[in-house]
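Below is one structure, written out as structure tokens, with a few remarks after it.
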Amino acid sequence: MLSVLLICILAAVAITACGKENTPPQPDNSAAVSQPEANPSNGNEGQGNAARESSGQGAGPDSEQAPAANNPQKGSSAADKAAAADPHSIAVLVNKELALPEDYEPSDLVYPDVRFTFKEKIEKRMMRSEAAKALEEMFAGAERDGIYLAGVSAYRSHSTQTSLFNRYVARDGEEKAKTYSAVPGHSEHETGLAIDISASDGKCAAEDCFGGTKEAEWLAQHSAEYGFIIRYPEGKEAITGYKYEPWHLRYVGKEIAADIFERDITLEEYYDAVPVSGTP
Ligand SMILES: [Zn+2]
């Protein structure tokens, strides 16, 4: 609990330093979640996927370590550092140690005009406008190559993540809940810049078996052309804090995506940030 508070305080300090308004963390007891949420043990698309995909192997005792704070090491420019800590930036860095402010909510969420694995116009179908436009271009580019993709889960509000996490804590206790669900403020889906993608048939949605499919291969090879990265690559678990997730795409813009793709690095490494956790 102390470490969570520290993270919030440090994030608040960093954000204030780059001129963004910020209010002190407030308890969020909102239970206003209208969308159905699947049990994490089943295979349906939905919140259950979030729980499963969030079960980073690094979320053991390491999660109790003191936060590393927003202090990317030498090599990052001042502008880079500001972007990494700015929740409004498309280049914001969010991980198990760096949180979004509790009151952050994207102001430009839209429904991207692409196929999803469900029909409803609900929260998890939304993305920030720039990312949504890039997603539409990426899906169109994939189709030109005969690859048919579908969105599984994109935006998730802080209150949704909080409700979800609190429910898991009530059921399993905080320590166990942390092993399979992201702590509120630490899920990249809260940025409106991340989306889980599957093949159009929805098979292996947000599951390990998506790896190695032609859709996953296409995304790994071409997503950077549209400004997306595979956020949790294979073999980088000790740096990202998450196991390999070939389905989790993060929009960072074409420039940063191209650099990350060419150098075969992670967003943490791009910022020269310290590893998120020790041994996964
Ligand atoms: Zn995801």
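Each Cβ is built from the backbone N, Cα and C atoms, and glycine gets one as well.
Listed features, source TrEMBL:
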- 1-19: signal peptide (SIGNAL)
- 22-82: region 'Disordered' (REGION)
- 28-44: compositional bias 'Polar residues' (COMPBIAS)
- 125-254: domain 'D-alanyl-D-alanine carboxypeptidase-like core' (DOMAIN)
(Q) Can you work out the mean pLDDT of the predicted model over the domain 'D-alanyl-D-alanine carboxypeptidase-like core' (125-254)? (A) 95
Q: List the helix, strand and coil residue totals of the domain 'D-alanyl-D-alanine carboxypeptidase-like core' (125-254) as derived from DSSP.
A: 64 helix, 25 strand, 41 coil
